[in-house]
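J.: Have a look at the structure that comes next, please.
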Amino acid sequence: MSKGDTAANTLQQHLQQLSDAFALRLQEELPALGQSAERLLQTADPQEQVQQLQSLRDQLHKLAGTAGTFGFSSLGQRARELELDADQWLHTLQQEQQGLQAFSHSLQLLAKQEFQSDPKQMPAPQKAPLTKPMQSTRRIYILEDQLAIGENMRQTLNNFGYQAEHFSRIAELDAALQQQLPDALIVDVNLPDESLTGLQYAAGLQERLAEPLPLLVITTQNDFATHLEAVRVGAMGFFTKPVDIPQLENRLERCFSQQQGEPYRVLVIDDDRELASRFSLILRGANMRVEMLYEPAEIFARMRDFNPEVILLDVNMPDCTGPELAQIIRMNDEWLRVPIIYLSAETDINRQMSALIKAGDDFVTKPISDNALVAAVFSRAQRARLLSNALSRDSLTGLLKHADIKEQAAVELERALRSGKPASVGMLDIDFFKKVNDNYGHAAGDNVIRALANLLRQRLRRIDSLGRYGGEEFLVVLPDCTAEQAWGVLDEIRQRFAELTFIASGSEFSVTLSAGVASTADTSNSASELLEKADQALYAAKHGGRNQVR
Amino acid sequence: MPDLQRILHVEDDPSIQAVAKIALEAVGGFQVLSCSSGQDALDQLQGFAPDFILLDVMMPNMDGPQTLARIARLIDINHVPVVFMTAKVQPAEIAHYRSLGARDVIIKPFDPMQLAAQVRKIWSQVHE
């Protein structure tokens, strides 16, 4: 017997042993499978039925995969057929249940709406057209075993305009998650009545989800190990009890704004239409907005209308070369911030450099892989937008700065005159803000300002403009909105702001605001006159006793 | 073509784990590290530095696609091919797995005597 034969024989023996072991395993597994099948018929609860069927299908799937490997091919085939059957039944059951769940959910929504309408009728007339549509409301789930803390958090977040729900038990949260996923989850780490900690639960949940949920963690344990564990399950925020809810809300806001930016706007300029379409297809696939330009002469109109954040520019075009066009774009100060990326088959490094020296920021060489193109454009666009925001937005609140919001007021005044639809402006000022700073420190003061900024962002519409006018003074510009409507919505914001509780150096406090409204229907001469009117109204509100809208 | 030596095999079923290990070691002459879960594989990945990864699709907690996504963050899967093993055979599913970054799919049940040859064939296609 040769050496090779011996090796083959040993292998065969090994395989035979494994096959025997598998046969033994089957003697236990097959009866267990039979019992599960019996149980399936005895189960009345539809949700449990689905779970059992899922588990049966998975077991059959495994069996279909393994049995053949050990030489049990007919068993493997039969398991495969039954797996497909199970899959079909599962599909049918799930569809039935989804239908039922949707029905139950609509009914529950109806019940809730009835329930909420009472307190809402009291304040603020006319605010309906100004509130955001339902679907844009962010849903937040809170897992917190202490009822008082959880309920307080729920109410405060609802004041900010979120749709928050509080659960004291994991089982309740699980049931709700089955119905609908929230936009973010807040989890308490210590759950003495449960077998899992909040973090262990969150870790399991994140693994079950296709995309991780934005997660915030609240805890009494402010140690490094808990921080680390939180980071590992994907937490985006960590808060020690007692939780400063406005600060938590600020973090939520940041999670969401990172998650859902507007798509980047990219202008592709290439005389080769096919290539331009191909590039735009790739970039659109990466969720960017793309427009194409074949005629360099149309650049001015297109820059103005589309306002691109990145320009992809072909180097070799017949009438006007890429570097020439880039220099034309750079002659206009307004477009200085737009990065220009050259596209070229040019691999001669000297010629690339000479193009870059004239104007332009980067060079990509054709042919380029899809990923490389997306990466080149994405990184430039991201940086351009960050810079542009940093230049025009207030660093504490992310709102527009004084000059930009004033400019916005002027734009909306003109639009109102043209369209005949009135626009309103509101000037808001935090009452006794100095005292907040003096009593609780500047960090607490900053927190109050951020909270008001976030509240305004949450409660106002997308078309409204918000700016930080001065230290504790805010200006909102509300197009297509009468003075009465503006009053309504600002008064609602005033009430919600007064209900917020802030925490600083261990003590809780609340703050109020005063506001003044002016409308283009009363004053349509100039933006500064409009702002002056709003300022006067604010002054009247302050003198009338503060915590009011005039 | 670079030499294929170390194979990381991720599979929660101990029987399949054992048979694949024997088949790949005895028939193929490879060095095989078996992992019982996606997490286990991620923990061992960098220490073992595999040339090739075989990944079961259906596993509890972290399934094959999820494991692949995390593997891809740790190593370059263009150089270390990841191949799924699954009993699902629909072409659409295979296309889906490829779109996730899997190099190929080995259908279960597999013939232990042929497994090493299948792996070698994929390896040579990668390095054509």
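Residue numbers in this text run from 1 along the chain shown.
Cβ atoms are placed via backbone N, Cα and C, with glycine included.
In TrEMBL, annotation is done automatically, which means it is predicted and not curated.
Copying in the features that TrEMBL gives for the protein in this structure:
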- A:139-256: domain 'Response regulatory' (DOMAIN)
- A:Asp188: 4-aspartylphosphate (MOD_RES)
- A:265-381: domain 'Response regulatory' (DOMAIN)
- A:Asp314: 4-aspartylphosphate (MOD_RES)
- A:421-550: domain 'GGDEF' (DOMAIN)
J.: Mind checking how the domain 'Response regulatory' (A:265-381) divides into helix, strand and coil residues in DSSP?
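T.: Counts, helix then strand then coil: 58 helix, 24 strand, 35 coil.
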J.: Please work out the helix, strand and coil residue numbers for the domain 'GGDEF' (A:421-550) from the DSSP assignment.
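T.: Each residue of the domain 'GGDEF' (A:421-550) counted once, the result is 60 helix, 31 strand, 39 coil.
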J.: Tell me, how many other CB atoms lie within 10 A of the CB of A:Asp188 (4-aspartylphosphate), whichever protein chain they belong to?
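T.: Looking across every protein chain shown, the total is 23.
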J.: To the nearest whole angstrom, state the Cα distance for the pair A:Asp314 (4-aspartylphosphate) and A:Asp188 (4-aspartylphosphate).
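T.: Spelling it out, the Cα of A:Asp314 (4-aspartylphosphate) and the Cα of A:Asp188 (4-aspartylphosphate) are 54 Å apart.
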J.: Looking only at Cβ atoms, how many others are within 10 Å of the one on A:Asp314 (4-aspartylphosphate)?
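T.: Around the Cβ of A:Asp314 (4-aspartylphosphate), 23 other Cβ atoms lie within 10 Å.
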J.: When the domain 'Response regulatory' (A:139-256) is classified with DSSP, how many of its residues are helical, how many are strand and how many are coil?
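T.: Helix/strand/coil tally for the domain 'Response regulatory' (A:139-256): 55 helix, 26 strand, 37 coil.
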